[in-house]
Amino acid sequence: MSNWGETSNISYQQWRDPEISVVTFRGTAGDSLRHDEEEQCGDYEVYTTGMQTVDLGERRTGQDPTEDTFTVEDAVEAIGFGKFQWKLSILTGLSWMADAMEMMILSVISPQLHCEWMLPSWKVAMLTSVVFIGMMFSSTLWGNISDKYGRKVGLTMCMMWVLYYGFLSAFSPAYGWVMVLRGLVGFGIGGAPQSVTLYSEFLPRKSRATCIMLIQIFWALGAVFEVLLAIWIMPTMGWRWLLGLSTAPLVVFVIFCFWLPESPRFDVLSGNRENAMKTLRLIAADNGKTMPLGKLIANKQEERGRIRDLLTPQYRRTTLLLWFIWFANAFSYYGLVLLTTELFQAGDACGGLFVTLFLIDRIGRKKSMAMCFLMFSVCILPLNACVGRVALTVFIFIARAFITGGFQVAYVYTPEVYPTATRALGIGTCSGMARVGALLTPFVSQVLLKKSVYLTLSVYCIFCLLATGASMLLPIETTGLGLQESSRITAGQEEMKTGQMSNGSEASPTHTSYGSSYNS
């Protein structure tokens, strides 16, 4: 095997596993490179060990298809962002709209049910809690399904689930039926974060952070649309019609989900390389770009969707820190919302989102998350003092803005840090931990608040300060890196990987990437 200095582009997969001796090329017509070892194997074969190479490209006149190889990461980078990604943004955004509407509807129909059925307060509160409980238990399951059977399969199934039980809940004859059916709706909503898994795997690295964070716009649109729908429907037609019509974005999603392609990264990992190549050609044609020439290469198939893979020595630290970060994010966000219910009419806070959108690719994911948690803590501290209503509103607005931005950075970082085999499960388990935080925070923001305002605010401040430290302790900075395809790594490389990745924010994107190229 040649050393680092002898190659221009060395695959990060090869760096992760020394048995792999295939070099990844970003070849296009007239831009092919050849590795020295290839010459030792003859003119029409590429030497591979521990990696499968399949010729899926069309043979071109005067071009030997065995000369160049490329990965899905290379193809996605070559195709870039275009018409296909715009359509995918709208379709996956519909799932976020549906998520927002199904959550927002609870605050709209609860007072109506309270009056119509003479419900006590604890029964009204249970309508919200049961949705979070359903989300908490289902998030990991939907991640497992998406890793084992495909991103398209997982996302389509959960959206159809929400559509069915959301529409069915409009016909609930009694409180018990409403509670059960809304719990089943929550079970389906637990799979909504898998839209990020699918979406991220089609995005080139330069666009990934911006696009994932801007999906927040669809959540805001869903919340606004639900309020407007309630203003129109509730006075004349009642809450049943509102429940039924609120499934409209899901109907649109189900109608157009036939267009939604499976992730080529998942197809390659599951052995369906022909379908992966077909999808990549479709994207290239849609974007008006050309595919890299040569052969699509991929690692051998791995077991997918196993929770124990998230807790191997390679990922244990990352997983445990991310679980706490997601927990603290939801715990603090929903806690602040409950503390300041009277300020809801001020609208959702997007200032922090745009700040983090500006900084996320400049200072890195880790520092962006840490900044958001730290700013939240700083803005919470003045609430202990006797400040005027205007100052109180400003501090709460800024705190909510930054904790919202932190949530979006977590959505960017999580799919980037896990390999394809466990990416959906990683997001699913993190989302589940966030729901635990959302379930526990009322005991602080409502119960503890009655005993001590100072103690209540101190709890949120401490949790966010701990989350600030957890963000900085994450072992990998993913800014500028391609998505990781394989989790295979040798013990001798662990120290080298940790050393390089922990300083990723200072490294150039061309120097290190998952499944991409290393330019010496």
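Placed from the backbone N, Cα and C atoms, the Cβ positions cover glycine too.
As annotated by TrEMBL, compositional bias 'Polar residues' applies to 499-520.
The domain 'Major facilitator superfamily (MFS) profile' annotation in TrEMBL covers 88-479.
According to TrEMBL, the feature region 'Disordered' maps to 492-520.
Sequence annotations record features per position, and here TrEMBL assigns transmembrane segment to 88-109 (among others).
The feature transmembrane segment is assigned by TrEMBL to 121-141 (among others).
Annotation source TrEMBL lists transmembrane segment at 153-171 (among others). Remote same-chain partners of the transmembrane segment (153-171), defined as residues 6 or more beyond its termini with a Cβ less than 8 Å from a stretch Cβ, comprise 92, 95, 98, 102, 138, 142-143, 145-146, 177-178, 181-182, 184-185, 187-192, 194-195, 198, 240-241, 243-244, 246-247, 250-251, 253-254, 257, 260, 262, 424.
Annotation source TrEMBL lists transmembrane segment at 177-199 (among others).
Residues or ranges marked as transmembrane segment by TrEMBL: 211-233 (among others). A Cβ distance under 8 Å defines the sequence-distant neighbours of the transmembrane segment (211-233), meaning residues of its chain 6+ beyond its ends; these are 81, 85, 89, 92-94, 96-101, 104-105, 108, 195-196, 199-200, 203, 241-242, 245-246, 249, 348, 350, 353, 356-357, 360, 404, 408-409, 411-412, 415.
Taken from TrEMBL, the feature transmembrane segment applies to 239-260 (among others).
Marked as transmembrane segment by TrEMBL: 320-337 (among others). Away from its own ends, the transmembrane segment (320-337) comes close to residues 344, 369, 373, 376, 396, 399-400, 403-404, 406-407, 410, 413-414, 417, 426, 429-431, 433-438, 440-442, 444-445, 460, 463-464, 466-467, 470-471, 473-474 of its chain (Cβ-Cβ under 8 Å, at least six residues beyond either end).
The transmembrane segment annotation in TrEMBL covers 343-360 (among others).
Sequence annotations record features per position, and here TrEMBL assigns transmembrane segment to 372-403 (among others).
Marked as transmembrane segment by TrEMBL: 423-441 (among others).
Counting same-chain residues at least six beyond the ends of the transmembrane segment (453-476), those with a Cβ under 8 angstroms from any Cβ of the stretch are 317-318, 321-322, 324-325, 328-329, 331-332, 335-336, 339, 366-367, 369-370, 373-374, 376-377, 380-381, 383-384, 403, 413, 417, 444-445, 498, 501-502, 504. TrEMBL lists 453-476 (among others) with the feature transmembrane segment.
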Next item on the list: Could you tell me whether the transmembrane segment (88-109) and the transmembrane segment (239-260) are in contact, taking contact to mean 3+ Cβ pairs under 8 Å with a sequence separation of 6 or more?
Entry: yes
Check: Top stretch among 121-141, 177-199, 423-441 for CB pairs under 8 A with the transmembrane segment (88-109)?
Finding: 177-199
